[in-house]
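Feature annotation from Swiss-Prot assigns active site, phosphoserine intermediate to Ser109; the stated evidence is similarity to another entry. The annotation ATP binding site is assigned in Swiss-Prot to Gly35, Leu36, Ser37, Gly38, Ser39, Gly40, Lys41, Ser42. The annotation region 'Disordered' is assigned in Swiss-Prot to 1-23.
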Amino acid sequence: MALHDENVVWHSHPVTPQQREQHHGHRGVVLWFTGLSGSGKSTVAGALEEALHKLGVSTYLLDGDNVRHGLCSDLGFSDADRKENIRRVGEVANLMVEAGLVVLTAFISPHRAERQMVRERVGEGRFIEVFVDTPLAICEARDPKGLYKKARAGELRNFTGIDSVYEAPESAEIHLNGEQLVTNLVQQLLDLLRQNDIIRS
């Protein structure tokens, strides 16, 4: 479909995002977890989702590996495909925000421009960049998927942090120390959500 096909007309919903938020009892936002492989993004995002669920918050977690089994199964790891991967996830996250959900995404998303692209799509005030800052040496020691070992052996090319750049956020809404206990990081995130009147429980 052409980007501006004149036969494709935007359909306005009778139920507004604000009405959906009122129904859920909280605001719809995206928490965009970014960091190196092994930094703890998925672990912290999963623990936060569990905590929010217990508080009665409507959530959904989009994980970098999971979406490549379906939504982005046709994409590889070239720069163009990686950008398209993030674009698609951003669109899905935006739809979920409009549905009034608290959306958690766990993606390396190494480039600032791509994260900014999603921020602009979702809109200021609804996009929370979460930088899980864990030293490369710690990430490599953890190596939960064995990817650093493969990258060091030359079996995996263009691996972020080894032979492909990671552009750390310059002004993330929250900067987490990935060496801290997960429970501490989850509490910091819950505090942020409450301080910004996103959740009330």
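Every residue gets a Cβ built from N, Cα and C, even glycine.
Overlay of Swiss-Prot annotations on the structure.
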| residue | record | Cβ within 10 Å |
| --- | --- | --- |
| Gly35 | ATP binding site | 28 |
| Leu36 | ATP binding site | 26 |
| Ser37 | ATP binding site | 25 |
| Gly38 | ATP binding site | 24 |
| Ser39 | ATP binding site | 27 |
| Gly40 | ATP binding site | 26 |
| Lys41 | ATP binding site | 28 |
| Ser42 | ATP binding site | 22 |
| Ser109 | active site, phosphoserine intermediate | 28 |
Of the residues in the region 'Disordered' (1-23), how many are helix, strand and coil by DSSP?
-> 7 helix, 0 strand, 16 coil
Integer Å distance between the CA atoms belonging to Ser109 (active site, phosphoserine intermediate) and Leu36 (ATP binding site) | 9
By a three-class reduction of DSSP, Lys41 (ATP binding site) is assigned helix
Neighbourhood of the ATP site (Gly35, Leu36, Ser37, Gly38, Ser39, Gly40, Lys41, Ser42): other residues with Cβ within 8 Å of the Cβ centroid, in order?
-> Ala106, Ile108, Val132, Thr134, Cys139, Gly178
Rounded Cα distance in angstrom between Ser39 (ATP binding site) and Ser109 (active site, phosphoserine intermediate) is 13
How big is the gap, in Å, between the Cα of Gly35 (ATP binding site) and that of Ser109 (active site, phosphoserine intermediate), rounded to a whole number?
-> 8
What Cα-Cα separation, expressed in whole Å, is found between Ser42 (ATP binding site) and Ser109 (active site, phosphoserine intermediate)?
-> 13
Hey, how far is Ser37 (ATP binding site) from Ser109 (active site, phosphoserine intermediate), Cα to Cα, in Å?
-> 10
